Amino acid sequence: MVDVNRFKSMQITLASPSKVRSWSYGEVKKPETINYRTLKPEREGLFDEVIFGPTKDWECACGKYKRIRYRGIVCDRCGVEVTRTKVRRERMGHIELKAPVSHIWYFKGIPSRMGLTLDMSPRALEEVIYFAAYVVIDPKDTPLEHKSIMTEREYRERLREYGYGSFVAKMGAEAIQDLLKQVDLEKEIAELKEELKTATGQKRVKAIRRLDVLDAFYKSGNKPEWMILNILPVIPPDLRPMLQLDGGRFASSDLNDLYRRVINRNNRLARLLELNAPGIIVQNEKRMLQEAVDALIDNGRRGRPITGPGSRPLKSLSHMLKGKQGRFRQNLLGKRVDFSGRSVIAVGPTLKMYQCGVPREMAIELFKPFVMREIVARDIVQNVKAAKRLVERGDERIWDILEEVIKEHPVLLNRAPTLHRLGIQAFEPVLIDGKALRLHPLVCEAYNADFDGDQMAIHVPLSEEAQAEARILMLAAEHILNPKDGKPVVTPSQDMVLGNYYLTMEEAGREGEGMVFKDRDEAVMAYRNGYVHLHSRVGIATDSLNKPWTEEQRHKVLLTTVGKILFNDIMPEGLPYLQEPNNANLTEGVPAKYFLPLGGDIKEAISNLELNPPFKKKNLGNIIAEIFKRFRTTETSALLDRMKNLGYHHSTLAGLTVGIADIPVVDDKAEIIEESHKRVEQITKQFRRGMITDDERYNAVTAEWRAAREKLEKRLIANQDPKNPIVMMMDSGARGNISNFSQLAGMRGLMAAPNGRIMELPILSNFREGLSVLEMFFSTHGARKGMTDTALKTADSGYLTRRLVDVAQDVIIREDDCGTDRGLLIRSIAEGKEMIESLEERLNGRYTKKTVKHPETGAVIIGPNELITEDKAREIVNAGVEEVTIRSVFTCNTRHGVCRHCYGINLATGDAVEVGEAVGTIAAQSIGEPGTQLTMRTFHTGGVASNTDITQGLPRVQEIFEARNPKGEAVITEVKGQVTAIEEDASTRTKKVFVKGETGEGEYVVPFTARMRVEVGGQVARGAALTEGSIQPKRLLAVRDVLSVETYLLGEVQKVYRSQGVEIGDKHIEVMVRQMIRKVRVMDPGDTDLLMGTLMDINDFTDANKDVLIAGGVPATGRPVLMGITKASLETNSFLSAASFQETTRVLTDAAIRGKKDHLLGLKENVIIGKIIPAGTGMARYRNLEPHAVNEEEYLNPPVEEEGNEETTEVVVDTAVETVEETVE
């Protein structure tokens, strides 16, 4: 076997007959599998030990040679080599076919590769191959055309006409093989290139397609006649096993049935040929052989599939590769692993951020080898076998050893579905009793876990390196920030929020108000002994608190509450004292009004101060973000644990309860509803009198009921008691929102009908009063729709993530700086008046391209190629700068990835991104993970002016990334200039928009009902939308440059996500969009050897042009192509990645003809072949480090190394019938 971590590339080609023979260890001549009595493989059968190797390790079939000492000996009695059984997984056999057979992939695929090579229609090919017609192979002197088709009857007539032997015509795959042998690739290619110079329309398209296939054969060195099989490989028997079930029956792989049919028909054909049977019988047998081979390679591709018992189609070789259950996705891209377990999760409130609780019985099983090694090392027993027995008996001594073994040995916890990289994190195990895994409450948000029965899987990293990586890179305490937006993902929730909210409340007139304490301990003691209430405002000597005070503040008394003193106790020392829940206090310190000079009147000072609101969930989030910014991970995770403990403690002390009496009653609800009823009557009257249309009536009625609900909501908010438990839960952000509250106490309002239209009858009751039967019935529609939507959305969003990951999986940070000379000019994204993403948000964490100067003073704010920090971004925006040129992924020149400067900071860490970071996968997860939060709806723009539906939510995101024609497409102008007129044409129900510019005039026809975006006299740019709606990006690409299209797509994706309140960093969308515009279509090859009309990577295109320009030739011209993510994934340079994504057979067929080489640059390819992935610590620059003793002389003057001298082997993979097998050449 090849050492998998050593080879550089993998090639797939067509297998020549000699190649198949070289793989084979013998011919399979009989259809038998195993003997029903002895259960031993039959001689020359499908499981023959002579061909495929012994069924028992180091033992021949007859038992003459047993034991390892005879390895490599071939038994003289039974002819079986003495070796490992494992060879039965890798040794192949073959079947010598008595008649050539066509390979269905190359004949049936779309486009038919055989058809293009021979310039024959697939229909004609089918007739010839399946013995329905003759094809002329050599017309000799007759007027017949070469490759023309004739029926049996015509053939006989021609023979009579021209005489026997006057021309050659054949049928079957043999005929096609002869024709393929006649193809002169060089000559045909030259002719096609000539033809392309003049051809147009369909002819041109066909010529380009033929040229593509012929050129592929020519360049790869594959012979076209290899598409016809004379010899069929038989895959190793352990890949198509027969298993004995209890009850003496056998379960066998379908492939054995399919091979058996081929062998039976082949043997029968051999016999008929020996007997010189009549031609028609031989023909029929050859046709049946052809069908048997078709079924073996791809059952069901042509005609009805061959079925097994219960009319179930048999699984052929192609099916073994295809789909979710196929070889690629089931066994290569992800496998089941040992040293893993799963269990229900329970909450572990006492754990530290980096810990998880693992049940004892689970841990002993998972860490068994480590425990056994330690038992032997301590001389408790002498060997591993005895140690194993000790562990399995559950000896008392093993538990102490287990405790020691798991110290410092992190484990990974994973919750399905793993939507982003925070779905797998590392923890230090803590042994617990019980059978449930214990999870820290703060990491629940990252996992999206709750404790209503969720299960989680646990994995043990085994090697030292794996443990080190888990500890350094994956420890839960390190994952404070969310990679999608750089905001903290671990914010306290529920009880923790409630406790801190209650703790920091302020109340007037509670016991102990106005007392003054000398230090924290005195204040807390007074509180513990009941002299002062947690919420009372008191004074404390400022200098007793260890905080960054000014000299003046130090000698005063601080007015605060005991609760806030306790709250500030848990904060790091460098942070200001937190008195008000706002950002000013957090960054600049306590406002002056809270300081009282020594000897001042404290009662009066307190009465002059307003009560502060308590700290809510949002404020806690801001505090965490600020602490992370200042102190980084270690301090932040320690603070989070302290905040968690404080929150749980005080929510327990607060003792919040909820009863029916806590739901307030709105006194004037009846009047508000009565008023609305009257208004609705007036609206209906207007409609009856014909003053308004039905649409207007409907809109007015629904608007009226919405207003009524809002009025009730406002009353509720105005009259609420801040100490009401429900209000406290809602206000603190612990649970529930104003909408839930108003359904409990106000009214439920309007409901949606099953068709998505809002019903005019509102639900007037709230949950406290209870609903009537009719109201209850109405509200069930919405509930059901919600459940269905969620289920559908999850599947859709998961599939979107899969496509995104696939298209960007090879985008890795490859170098420090690509040295590009281009940048991206950015400004804030806005839709009309509404701000979608501010300039400050877009600048944070990016590198500048040009110097940014103050627009008024001209002072330099930041130089070129510098990192824009949060503070710098704020400074730029405050200076009034509206647009900045930054380094962007769009303009990065790095091949197969991005450079550090164009990417900016890694949002998950807040530092500059490291070389080796798999930013493509992170981008895909960041866009896909919130997909489930987006809606599934297509909104109807209510009422009058809508003939277009605006797609939003998940369908819109898919529409953008798949580059589809949008629903409700906007009309765009190709001319830059002024709108001169808009004319309405009532007869055709359209409008015409006229645009006049310097380069020419444009006239655009717009639907009558479309809403216009422009007015007469307005200026429009090229590619600007004239009507409301989404622009079709492919049209935009035709009139504008690539960067404009990329910028447009970026803005569109942001609009969808931001409108749903989901924040995603621009750079993630940039990575995805860049992958959609990586290809160029060659329009004119110039002097290069590129083919016209082919799609190729931008980098390869520029390389080809570079060579020609250096030689002084004419470069090729190309046009950038925008592809949807699915198409882009299939067009990737890696055939392994594409084949494992979708359309496996088509990808492999194409790759084999081209003799494609996979250079293993992406992640998937390497996972498939079992090589360490080239990202993170798997990158060559980190892997090829040799530890050596430092020689000072060398250290100061390092020797220059030559490049490209690492030892590698090339691996060539051939596809024959379908087997992908590795051979080293």
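Any Cβ shown, glycine's included, is placed from N, Cα and C.
The Zn(2+) 1 binding site feature in Swiss-Prot is assigned to Cys60, Cys62, Cys75, Cys78; the stated evidence is sequence analysis. As annotated by Swiss-Prot, Mg(2+) binding site applies to Asp450, Asp452, Asp454, with the evidence given as sequence analysis. If you look up Swiss-Prot, you'll see Cys818, Cys892, Cys899, Cys902 marked as Zn(2+) 2 binding site, on the strength of sequence analysis.
Structure with Swiss-Prot features highlighted.
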{"residue": "Cys60", "record": "Zn(2+) 1 binding site", "Cβ within 10 Å": "24"}
{"residue": "Cys62", "record": "Zn(2+) 1 binding site", "Cβ within 10 Å": "14"}
{"residue": "Cys75", "record": "Zn(2+) 1 binding site", "Cβ within 10 Å": "20"}
{"residue": "Cys78", "record": "Zn(2+) 1 binding site", "Cβ within 10 Å": "16"}
{"residue": "Asp450", "record": "Mg(2+) binding site", "Cβ within 10 Å": "11"}
{"residue": "Asp452", "record": "Mg(2+) binding site", "Cβ within 10 Å": "5"}
{"residue": "Asp454", "record": "Mg(2+) binding site", "Cβ within 10 Å": "17"}
{"residue": "Cys818", "record": "Zn(2+) 2 binding site", "Cβ within 10 Å": "18"}
{"residue": "Cys892", "record": "Zn(2+) 2 binding site", "Cβ within 10 Å": "25"}
{"residue": "Cys899", "record": "Zn(2+) 2 binding site", "Cβ within 10 Å": "22"}
Between Cys899 (Zn(2+) 2 binding site) and Cys75 (Zn(2+) 1 binding site), the C-alpha gap once rounded to whole angstrom: 61
Cys902 (Zn(2+) 2 binding site): tally of other CB atoms within 10 A of its CB: 29
DSSP-derived structure type at Cys902 (Zn(2+) 2 binding site), helix or strand or else coil: helix
Other same-chain residues whose Cβ falls within 8 Å of the Cβ centroid of Asp450, Asp452, Asp454, the recorded Mg(2+) site, in sequence order: Ile345, Ala449, Phe451, Gly453
Distance, Cys78 (Zn(2+) 1 binding site) to Asp452 (Mg(2+) binding site) (CA atoms, angstrom): 63
Rounded Cα separation (Å) that holds between Cys902 (Zn(2+) 2 binding site) and Cys60 (Zn(2+) 1 binding site): 63
Cα proximity to Asp454 (Mg(2+) binding site), best match among binding-site residues Cys60, Cys818, Cys892: Cys892
Nearest-integer angstrom distance between the alpha carbons (Cα) of Cys62 (Zn(2+) 1 binding site) and Asp450 (Mg(2+) binding site): 61
CB-centroid shell, 8 A cutoff, Zn(2+) 1 site Cys60, Cys62, Cys75, Cys78, site residues removed: Ala61, Gly63, Lys64, Tyr65, Asp76, Arg77, Gly79, Val80
Env. residues of Zn(2+) 2 site, Cβ within 8 Å of mean position of Cys818, Cys892, Cys899, Cys902 Cβ: Glu815, Asp817, Thr820, Arg887, Val889, Thr891, Asn893, Thr894, Val898, Arg900, His901, Tyr903
